[in-house]
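**Q** Take this structure first; my questions come after.
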Amino acid sequence: MEATSTAATSDKQRSSIHALPVLQDNIIWIWIKGDQAVVVDPAIAEPVKTWLQTRKLSLAAVLQTHHHADHIGGTLELLRDWPNAAVVAAADDRDRIPFQTISVRDRDKISLLNSSVEVLAVAGHTRAHIAYYLPTNKEDREDPAVFCGDTLFGAGCGRLFEGTAEDMFKALQRLCCLPAKTRVYCAHEYTEANLRWASALHPEDIAISERLVDVSSRRQRGALSLPSSISEEQRTNLFVRAQNSKELAELRQHKDQWRN
């Protein structure tokens, strides 16, 4: 599948974010401005290298949300071609992402592509999972955006491999405190499966049913369902709608055992 853009960019100095689907369901997000690119969670390197080189782009930085192999697997190979690129990752994951060059913690702010990026600690899927929030860029007239890895998915959330339901509940609530129009760039295309599960659980929910129809239509055309938005997740994501960590834990257990 070809990489797709989420912003029409007539001016090379305007930033845009592009999707590069790889493996079975991973999405590598590529944020570009001018001739510079920032790559988020490169599962593998070769498609990224080809995409950047074809467009004569230089890799400025890699953003890592967490340590899983399908998120960091391509980073070292990319660094062989762009040795000066920064690798941003959680300081608490230095033992598992030892090649990081910029170690960050919750609420840190860094500058990339002349934009401010805020780090958000969103543990749950893993103990040191982080997200990267890009506020509205007035120069680009873009909506805010968040690269959230495997914490928040389209109509879902990540499995609790290292964290607790309480961790995930707090992480999702934190993400949903971002502006409603914030675009959600998660790392896997799971939206349709998540909505099928949610619709089976709540067949009377019109918002979920309507989103499922829309997403299914997109997927049948070979299009992605992402990015989503915070407002969309607040309307149709059962994990986001959970009232407390106990309810989230019950939903997570049900989803883990569910078979379409």
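Backbone N, Cα and C define each Cβ position, glycine as well.
On a predicted model such as this, the values are computed, not experimentally measured, just so you know.
Feature list, courtesy of Swiss-Prot:
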- H66, H68, H125, D150: Zn(2+) 1 binding site (BINDING)
- D70, H71, D150, H188: Zn(2+) 2 binding site (BINDING)
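Describe each of these features in terms of where it is and what it packs against.
**A** In three-state terms derived from DSSP, H125 (Zn(2+) 1 binding site) belongs to neither a helical nor a strand segment and is classed as coil.
A coil conformation is recorded for D150 (Zn(2+) 1 binding site) in the three-state DSSP classification, outside any helix or strand.
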**Q** Take the C-alpha atoms of H188 (Zn(2+) 2 binding site) and H66 (Zn(2+) 1 binding site) and report the distance between them in angstrom, rounded.
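**A** A Cα-Cα distance of 14 Å.
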**Q** Any idea what DSSP makes of H188 (Zn(2+) 2 binding site), helix, strand or coil?
**A** strand
**Q** List, in sequence order, the same-chain residues at least six positions removed whose CB sits under 8 Å from that of H66 (Zn(2+) 1 binding site)?
**A** A90, D93, H125, T126, A128, H129, I130, G149, D150
**Q** Take the mean position of the Cβ atoms of H66, H68, H125, D150, the recorded Zn(2+) 1 site. Which other residues of that chain put their Cβ within 8 Å of it?
**A** T65, H67, H71, T126, H129, G149, T151, G158, F161, A187
